[in-house]
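Below: one structure, written as structure tokens.
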Amino acid sequence: MKRAVSAPWARRTVRQGCFYASSTSTSSSPEAASEKWDGRFRLHKPRGQHLLTNPRVLDAIARRAAIGPGDAVLEVGPGTGNLTARLLASPASRVAAVEIDPRMVEAVTARAAALGLADKLTVIAGDAVEVDFPEFDVCVANIPYGISSPLIAKLLFGAYRFRTATLLLQKEFARRLAAAPGDGEYNRLAANVRLVADVRLLMDVSKRDFVPMPRVDSSLVEIRPRAVAPGVDLGEWLAFTRACFGQKNKTLGAIFKQKRMVMELFSRSQRAEERDGRAGAVSLSALDDGSDEDSCGEGDDDGNRAAGCSDEEVAAFKIRIAGALDSAELTGKRPSKLSNDELLQLLRLFNERGVRFR
């Protein structure tokens, strides 16, 4: 079996914390290894190390991944190898597993060797949010909650081209990820992911299927990237959805008439003009801010005024903002009720009027 050395990932801004493996793999051969955890070393719950040990669930995940002949598989967080063994036994041509914990690296390496499948496995030792992934067709992962958002951002907004990602996530996060416009759970995360991919809930997994047992249940989701990229500037879109969903329970008219919001957008639009259309740096720190409310737009003090602007300039800018909302007929609508097509239309109208979000 090959072992690769981790390399820093170019988009370090995606990282929100260290990745620690949380899933495992198995074989039907009792002499190879058992799904049951033998306690050979201490598992760190605060780091998200929860080993999936239910063989029926492991079988279901491997089946749902729909691995075809010759596929290259990327597994994030192989743990001690319970799921890895099933991926190695699939029609896949090769499996690359990314693991940060040296103890898990040794365990999954030994597991593959015991199965006689070491030649199909490459282990990349390092942080999954930072290392460069090899080319792959299918991704399978059991993700600690702390890095769910940045890892999905890396997969969907990085340079990777793949068919599907089958991810085991915290149940609440999975519901938010798969939410549709109009759902009570619809949020910025879902809107951003829907821009480039389709998400489907596959099944729920009980917390009792893990060792040690986590506090909450999990859900398996399928993410399938869309073939056609959206015709929108990514950085502008991410900044736009942050402005909209930071106060998603207010109407768009209420959000964009707040003085602090107006002044912030005025400053950003001025900077965009100074860049003469050149795009600024894009930060993929997260697809989701982890909150439905923030303080953006709150307050009404003159201290938020952009330097060097007159009252007349600000008043004219406010008219441009209101004009975009009126043209889209969205002034009285809440962001959580809008489809991505409606949001994209509004963003285009804002940009046409010189209103920029980054």
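Each Cβ is built from the backbone N, Cα and C atoms, and glycine gets one as well.
Features reported for this protein in TrEMBL:
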BINDING   His50, Leu52, Gly77, Glu99, Asp127, Asn142  S-adenosyl-L-methionine binding site
DOMAIN    57-227  domain 'Ribosomal RNA adenine methylase transferase N-terminal'
REGION    274-307  region 'Disordered'
COMPBIAS  289-301  compositional bias 'Acidic residues'
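Residue density at Gly77 (S-adenosyl-L-methionine binding site): 31 other Cβ atoms are found within 10 A of its Cβ, drawing on all protein chains shown.
Max Cα-Cα distance over the annotated S-adenosyl-L-methionine binders (His50, Leu52, Gly77, Glu99, Asp127, Asn142) is 20 Å. Here the binding-site residues are Glu99, Asp127, and the one ringed by the most other CB atoms within 10 angstroms is Glu99. With a 10 A radius on its CB, Asn142 (S-adenosyl-L-methionine binding site) counts 27 other CB atoms from all the protein chains.
Mean pLDDT across the domain 'Ribosomal RNA adenine methylase transferase N-terminal' (57-227) comes to 95 in this model.
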